[in-house]
Structure formats: C-alpha cells, structure tokens
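Record features, source Swiss-Prot:
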BINDING   TRP48  chlorophyll b 1 binding site
BINDING   PHE68, GLU87, ARG196  chlorophyll a 1 binding site
BINDING   HIS90  chlorophyll a 2 binding site
BINDING   ARG92, VAL133  chlorophyll b 2 binding site
BINDING   LEU129, GLU191  chlorophyll a 3 binding site
BINDING   GLU153  chlorophyll b 3 binding site
BINDING   ARG156  chlorophyll b 4 binding site
BINDING   LYS190, GLN208  chlorophyll a 5 binding site
BINDING   ASN194  chlorophyll a 4 binding site
BINDING   HIS224  chlorophyll a 6 binding site
TRANSIT   1-35  transit peptide
TRANSMEM  93-113  transmembrane segment
TRANSMEM  132-152  transmembrane segment
TRANSMEM  197-217  transmembrane segment
Amino acid sequence: MASNSLMSCGIAAVYPSLLSSSKSKFVSAGVPLPNAGNVGRIRMAAHWMPGEPRPAYLDGSAPGDFGFDPLGLGEVPANLERYKESELIHCRWAMLAVPGILVPEALGYGNWVKAQEWAALPGGQATYLGNPVPWGTLPTILAIEFLAIAFVEHQRSMEKDPEKKKYPGGAFDPLGYSKDPKKLEELKVKEIKNGRLALLAFVGFCVQQSAYPGTGPLENLATHLADPWHNNIGDIVIPFN
C-alpha cells in the first residue's frame with residue numbers, strides 16, 4: 001500500500017497532467033498541488049537576505065516589508081508603527097528633494113551646494129532659478145518654515161488612525177487613486193520603493209559633495225564619465241600620495 005502511494009506521488013510529480021482528469025486513479029493519492037493561496041504565502045515570505053529568518057513582527061503585510069530589521073528596532077509594536085510612518089514621510093521629502101536638486105542644475109541654474117551660500121552672508125537674499133524670493137532673508141524664511149511645519153505636524157498628530165496619518169486621502173488624492181483598493185496597495189509599494197531609492201540618492205549627493213566640495217551631482221557625474229579611472233570614490237577613499 002505504501003509502495004503504491006509512493007509510486008503514485010512519483011508519477012504525479014513527473015507527469016502532473018495525469019491528474020487533470022477527475023477519473024484518474026492517482027487523485028486518491030492525495031498529492032498536494034500548489035494553489036493561489038500557497039503562491040501568495042510564498043511571495044509574502046520573501047526575505048531581504050536568503051537564509052536569514054524573518055522576524056515574527058514583520059509579517060509582510062506592510063508595503064515594501066521584506067523582513068529587514070537587523071537591529072530589532074521594530075520589536076515594540078508602537079515603535080514599529082512610528083518607524084513605518086517616519087520612513088514614509090522621509091521618503092516623500094527625499095522624492096521632492098532629489099528632483100529639486102537635479103532639475104535646476106540640469107537647466108544651468110547652478111547646483112544645490114552653491115544655492116545655500118547666500119544664507120552665510122549678512123542680509124543675504126535667497127533666489128530661486130535666478131529670481132529673488134519674497135521675504136527671502138534667512139530669519140524670515142526660518143520663521144515661516146517653523147510656523148508652517150509646526151501647523152502641519154500638529155494637524156497630522158491629531159489623527160489617531162495610523163493608516164490615515166500615512167495616507168490621508170481626500171485633498172491629498174485629487175486623482176482618486178484610493179478608490180480602487182487593489183490599485184492603492186500597488187501604489188503604496190511603488191511609493192515606498194521609489195522613496196527608498198530617493199533616500200539613497202540623497203545620501204549619495206551628500207557623500208559626493210563632501211568628497212568634492214562645491215560640486216553638484218550632475219557636474220560630478222560628468223567629471224567621472226570624462227575620466228572614470230581617475231575620478232572616482234577610490235580617488236578619495238584610498239590615499240595614493
């Protein structure tokens with residue numbers, strides 16, 4: 001009996017088409033077949049590093065969750081929710097910052113490093129794309145930003161639903177993407193992935209500027225492409241002289 005069952009399993013594994021008929025004698029062998037639920041669970045179990053166990057508190061339900069938490073920072077549920085929110089907010093800021101750095105430099109209006117030099121001058125006037133910014137002195141801008149950000153953060157902190165704090169919808173969804181739940185979940189994953197890429201890009205801009213002070217990312221890239229063997233990160237990290 002056992003040998004018959006094993007033979008049935010072996011044949012079914014090699015010739016799965018034999019199971020397609022409801023009259024097949026191999027159906028009674030109870031061979032488990034993959035189904036949509038199993039495939040979904042397999043995808044959910046994707047790890048950030050093969051062989052590393054997924055923490056129990058990272059179950060794959062959050063957008064972009066691949067079980068990455070080597071320091072165990074999210075073990076406390078309240079902290080985990082706060083980190084999710086903080087990551088998303090920082091991702092959105094980075095996605096605004098990276099194009100804001102690249103586009104003006106690409107248009108020939110200077111780089112983001114030199115754009116800050118006015119703030120170091122007494123009575124310096126801020127400009128944007130060559131035009132003076134109204135109320136563009138440093139103390140005035142700091143006061144406006146402090147009041148504006150304080151108001152927005154206060155309003156956001158009053159929301160008790162963690163999902164609404166991250167995805168408020170309403171006026172922040174003018175195209176109505178949140179009306180389709182399936183589409184919304186897909187967009188959440190795309191947002192967090194693009195946001196993480198933008199965070200890495202901004203860190204790269206900062207490192208590049210520290211290595212080559214006064215240069216923007218596009219200028220630095222052009223210099224590297226002109227002579228890749230001599231203009232690279234190794235030229236700074238490894239002291240040749």
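Quick reminder: no glycine exception, Cβ is built from N, Cα and C everywhere.
Mapped onto this structure are the features recorded in Swiss-Prot.
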residue : record                       : DSSP (3 states)
PHE68   : chlorophyll a 1 binding site : coil
GLU87   : chlorophyll a 1 binding site : helix
ARG92   : chlorophyll b 2 binding site : helix
VAL133  : chlorophyll b 2 binding site : coil
GLU153  : chlorophyll b 3 binding site : helix
GLU191  : chlorophyll a 3 binding site : helix
ARG196  : chlorophyll a 1 binding site : helix
HIS224  : chlorophyll a 6 binding site : helix
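The closest partner of GLU87 (chlorophyll a 1 binding site) among the binding-site residues, by CA position, is LYS190; the full candidate set was VAL133, LYS190, HIS224. Here ARG92 (chlorophyll b 2 binding site) is positioned 8 angstrom away from GLU191 (chlorophyll a 3 binding site), judged by their C-alpha atoms. Least crowded of the binding-site residues (LYS190, ARG196), judged by neighbouring Cβ atoms within 10 Å of its own Cβ: LYS190. Neighbours of ARG196 (chlorophyll a 1 binding site) among the binding-site residues HIS90, GLU153, HIS224, defined as a Cα within 10 Å of its Cα, are HIS90. Rounded to the nearest whole angstrom, the C-alpha distance between LYS190 (chlorophyll a 5 binding site) and ARG92 (chlorophyll b 2 binding site) is 12. Candidate binding-site residues: GLU153, ARG156, ASN194, HIS224. Nearest to ARG92 (chlorophyll b 2 binding site) by Cα distance: ASN194.
In sequence order, GLY64, ILE192, LEU199 are the residues of the same chain, not among PHE68, GLU87, ARG196, whose CB sits within 8 A of the CB centroid for the chlorophyll a 1 site.
Cα spacing between VAL133 (chlorophyll b 2 binding site) and the residue listed as 'chlorophyll a 2 binding site': 26 Å, rounded to the nearest whole number. A simple Cβ count within 10 Å picks out one of the binding-site residues ASN194, GLN208 as the most packed, and that one is GLN208.
The shortest Cα-Cα distance from GLN208 (chlorophyll a 5 binding site) to any of the binding-site residues (PHE68, HIS90, GLU153, ARG156, HIS224) is found for HIS224.
Contacts of HIS224 (chlorophyll a 6 binding site) defined by a Cβ separation under 8 A and a same-chain sequence distance of 6+ are given as ASN231, ASN232, in order along the sequence.
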